[in-house]
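Visitor: Would you mind keeping the following structure in view while I ask a few things?
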Amino acid sequence: MREINSLVVVGSQWGDEGKGKMTDYFAQKADVVVRFAGGDNAGHVINFNGQKHKVTIIPSGIFNSEVTSVIGNGCAVNLINLVKELETIKNSGVKLGKLLISDRAQLILPYHILIDGAQEESRGARKIGTTKRGIGPTYQDKAARLGIRVADIEEEDFKETFKEIFEYQMMFLDRMFNVESIDFEETYANLINAYNVIKDCVTDTGIFVEQAIKNGKKVLFEGAQGALLDIDHGTYPYVTSSNTSANNASTGTGISHKLINNTLGVVKAYSTRVGAGAFPTELLNEVGDGIRERGHEYGSNTKRPRRVGWLDLVALKHAIRTSGIDYLFITLLDVLSGVEELLICDKYILNGEEINYIPATSSKHEKCKANYISMPGWKEDITKVKHFEELPLNAKNYLNKIAEICEVEISGFSVGPDRLQTVITKEIM
């Protein structure tokens, strides 16, 4: 076997960290780009040839015609939305790379979307903040062994099996939420039509990825959302329904963990969060409003304004531990230009005691107060910086403090949305 050259890129906060920008950057070097978790609830924007492209489930490598993009078995796939997304990208004039889809990936179906919306509405004041795209119910069905996988469509008795599950889901929606039924034949026809568009892409992607790595290919694993939204290690219950940490790259792809040799955690220079859940460093003032506007902190899918706060290193160190992060990449550093005083949370205060971890329960996390380190900001425009040495002293100190407290090397930072506004301080792929 040749030398392993693989890299996992994961978000190290609550999502929206700029993973798409980094996976797009590394996709220029990679031979294969793999999505290993999540569904089309995690939109990100890629700037390519002067155009902005919003992608949700398709790996970022699709914009490089020399790259093979893989949707792994850990993903939840809405085939109809996938086909629409591919058509939109094609119609913009982009020459697409090769796409492979795991035959073991779970399918998001129309009843999952209905259940997602009905469940969220029924929670009242205890809403989780789901995007209502059917992700949670899809993973619920997976665990309950009611899920339908891509490979199942080729089974001879698929229509009968699908109809049985469909009728069960309709009964559940009617009895629990009084939701009107949808038509089975139309749902089935739409699913088959979408499948026929992509069926040549369907394969055992685990075998493909394993062979690519063993043959010396550069393989990039693209995480979705963020480590703090992980179903096991995130800020439960305000999490997503899949494992978003880097440790799931092997399980969600179908390869050995021994074939992955580097993990990059992408983190904003500040913190953001969407929906409910504890946020000890949240800024509910003009400073936070300014960061939101300069950073364009609105959901790429939902357009919802994101909650904004100071950088939380307690949360970041939690992500580093649970994902085994080797390097950090800091995004949106330019957004902090002009902020006179910068605060970094290095520990929490819970019931008068200092702690350096995220409590397991949301009630205790809500009670945590942030303990801050104060650092002077910088006024200079850094959007044209090409090297670390060109940064203002205070910006250098800010990055160095993050690396010092987290005990993880920073491999680069971004000073704007364009691919060329990416500064690499250490090559890791």
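Backbone N, Cα and C atoms are what each Cβ position is placed from, and that goes for glycine too.
So Swiss-Prot lists the following for this protein:
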| type | residues | note |
| --- | --- | --- |
| BINDING | 15-21, 43-45, Arg306, 332-334, 414-416 | GTP binding site |
| BINDING | Asp16, Glu17, Gly18, Lys19, Asn41, Ala42, Gly43, His44, Thr131, Arg145, Gln225, Thr240, Arg304 | IMP binding site |
| BINDING | Asp16, Gly43 | Mg(2+) binding site |
| ACT_SITE | Asp16 | active site, proton acceptor |
| ACT_SITE | His44 | active site, proton donor |
| BINDING | Ser300, Asn301, Thr302, Lys303, Arg304, Pro305, Arg306 | substrate binding site |
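Tell me what's around each of these sites.
Guide: Gly18 (GTP binding site) falls within neither a helix nor a strand when secondary structure is assigned with DSSP, and so counts as coil.
Neighbours of Asp16 (IMP binding site), defined as other CB atoms within 10 A of its CB across all chains, total 25.
Counting only residues at least six positions away in the same chain, no Cβ atom sits under 8 Å from the Cβ of Lys303 (substrate binding site).
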Visitor: Spatially speaking, which of the binding-site residues Asp16, Asn41, Gln225, Leu333 is closest to Arg306 (substrate binding site)? Use C-alpha to C-alpha, please.
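Guide: So, spelling it out, the nearest of the binding-site residues is Asp16.
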Visitor: Tell me the coarse DSSP state (helix, strand, coil) of Leu333 (GTP binding site).
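Guide: SS state of Leu333 (GTP binding site) = helix.
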Visitor: What does DSSP assign Asn41 (IMP binding site), in three states?
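Guide: Where Asn41 (IMP binding site) sits, the three-state DSSP reduction gives coil.
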Visitor: Of all the binding-site residues here, Arg304, Arg306, which one's CB has the most other CB atoms within 10 A?
Guide: Arg306
Visitor: Filter the binding-site residues Asp16, Gly18, Lys21, Thr131, Gln225 down to the ones within 10 angstroms of Thr302 (substrate binding site), Cα to Cα, kept in sequence order.
Guide: Thr131
Visitor: If you count the C-beta atoms lying within 10 Å of each candidate's C-beta, which of the binding-site residues Asn41, Thr131, Gln225, Thr302 ends up with the smallest number?
Guide: Thr302
Visitor: Sort the binding-site residues Asp16, Thr131, Gln225, Arg304, Pro305 by C-alpha distance from Val415 (GTP binding site) and give me just the closest.
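Guide: Result: the closest of the binding-site residues to Val415 (GTP binding site) is Asp16.
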